[in-house]
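Peer 1: What Swiss-Prot records for this protein is below:
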- Gln163, Lys344, Arg373, Ser374, Lys395: (2R)-2-phosphoglycerate binding site (BINDING)
- Glu205: active site, proton donor (ACT_SITE)
- Asp243, Glu292, Asp319: Mg(2+) binding site (BINDING)
- Lys344: active site, proton acceptor (ACT_SITE)
Amino acid sequence: MAIITDVYAREVLDSRGNPTLEVEVYTESGAFGRGMVPSGASTGEHEAVELRDGDKSRYGGLGTQKAVDNVNNVIAEAIIGYDVRDQQAIDRAMIALDGTPNKGKLGANAILGVSIAVARAAADYLEVPLYSYLGGFNTKVLPTPMMNIINGGSHSDAPIAFQEFMIMPVGAPTFKEALRWGAEVFHALKKILKERGLETAVGDEGGFAPKFEGTEDGVETILKAIEAAGYEAGENGIMIGFDCASSEFYDAERKVYDYSKFEGEGGAVRTAAEQIDYLEELVNKYPIITIEDGMDENDWDGWKALTERLGGRVQLVGDDFFVTNTDYLARGIKEEAANSILIKVNQIGTLTETFEAIEMAKEAGYTAVVSHRSGETEDSTIADIAVATNAGQIKTGSLSRTDRIAKYNQLLRIEDQLGEVAQYKGIKSFYNLDKCGR
């Protein structure tokens, strides 16, 4: 039988050495599922609540024993007896049990751990891969990866404001080849950094965190690495993306983007209009295909102006702006702000709500990018979600650190399992951009 008989959570560590949750779900048949919960460093103001203990004498206040107790003593009692295949009913039951708009009572981390474990247990019961269980028979698209090879902002100690400099192998024929291209550029970049006497230590997401002279220096160095690895920059090869994480350096009182927060005294201070001009300047100068959080999460006028200026040429991804929430996404669609949503399961807290956000985005002609968090685990669920939803894009870090590679390796397995059915769309993943042949 597929009936849930036990739910158990424990406290484990994430890739930063901070506590997080691992949840296990058991059924009468012996089918079993386990889910682990990621955590972000730069978090959106409107994200669902990640419940922490606040006890400074233990893990600096970051313990998750309250969330663990909520799973073991509250959620377990509520969902034991459910059919493990009834994902939506279980997720809705947990949302109702919490009763708050931001999951602040039980904790989104507690709810998400259960949601993932339930899905994995259902797949185990049906003896099918997780991506097949979640996506059905039409599952076939391997995502084009966003590879974060330079870390800045809140993800490193490097004096550069933009949080991520990414490469996307849009011209590769398969996911396996895309991964190889990215790995070779990553190693070429390491060699170039060493030759310049720059640091090759890696940040939270596995990218390098050197002391560049500025944003342009970072981009120019990546372009050299692409060439050194034997590839070309552009639509037939490898393109570049940014996660500006602009909310991290936006000064709401002064209404300016203050780069000096990360770059020191020489950092620019830009108004919203100047921020848009600067991003357009970068797009005109370099082969940039995607920009995430180019404006502050509450700067709706700025987002609309940025979209009007660049929305036909560049993917403009809302992360902190949308926080995987259909209410914010619906407003963005209505006001024509952004043209893509970043999907982070722990921003919203259940797989059901995650899938609803992806579906809403697609129906509106927005792209959806399935994403990791800076604090990750060996859990590879997001790889399965990316394929299950045919999202077409995934953002899961650089080509180092096992917590990042776990997702890439799972995608390699899935591509093998799908065989001739597997599709890698590359540049066609950006189906809502003029430059991609719409």
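Glycine is no exception: its Cβ is also placed from the backbone N, Cα and C atoms.
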Peer 1: Here's one to test understanding: among the binding-site residues Gln163, Asp243, Asp319, Arg373, whose C-alpha is closest in space to the C-alpha of the residue listed as 'active site, proton donor'?
Peer 2: Arg373
Peer 1: Highest Cβ count within 10 Å among the binding-site residues Lys344, Arg373, Lys395: which residue is it?
Peer 2: Lys395
Peer 1: Checking the binding-site residues Asp243, Glu292, Asp319, which are within 10 Å of Lys344 ((2R)-2-phosphoglycerate binding site) at the Cα level?
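Peer 2: Near Lys344 ((2R)-2-phosphoglycerate binding site), where near means Cα within 10 Å, the binding-site residues are Asp319.
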Peer 1: Within 10 angstroms of the C-beta of the residue listed as 'active site, proton donor', what count of other C-beta atoms is obtained when all protein chains are considered?
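Peer 2: So the Cβ neighbour count for the residue listed as 'active site, proton donor' comes to 32.
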Peer 1: Show, in sequence order, which residues other than Asp243, Glu292, Asp319 on the same chain lie with their Cβ within 8 Å of the centre of the Cβ atoms of the Mg(2+) site.
Peer 2: Gln163, Glu164, Phe242, Cys244, Ala245, Ile291, Asp293, Val317, Asp320, Leu342, Lys395
Peer 1: Let me check the 10 A CB neighbour count of Asp243 (Mg(2+) binding site). How many other CB atoms are there?
Peer 2: 29
Peer 1: Which residue, of the binding-site residues Gln163, Ser374, has its CB surrounded by the fewest other CB atoms within 10 A?
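Peer 2: Checked Gln163, Ser374; of these binding-site residues, fewest Cβ neighbours within 10 Å: Ser374.
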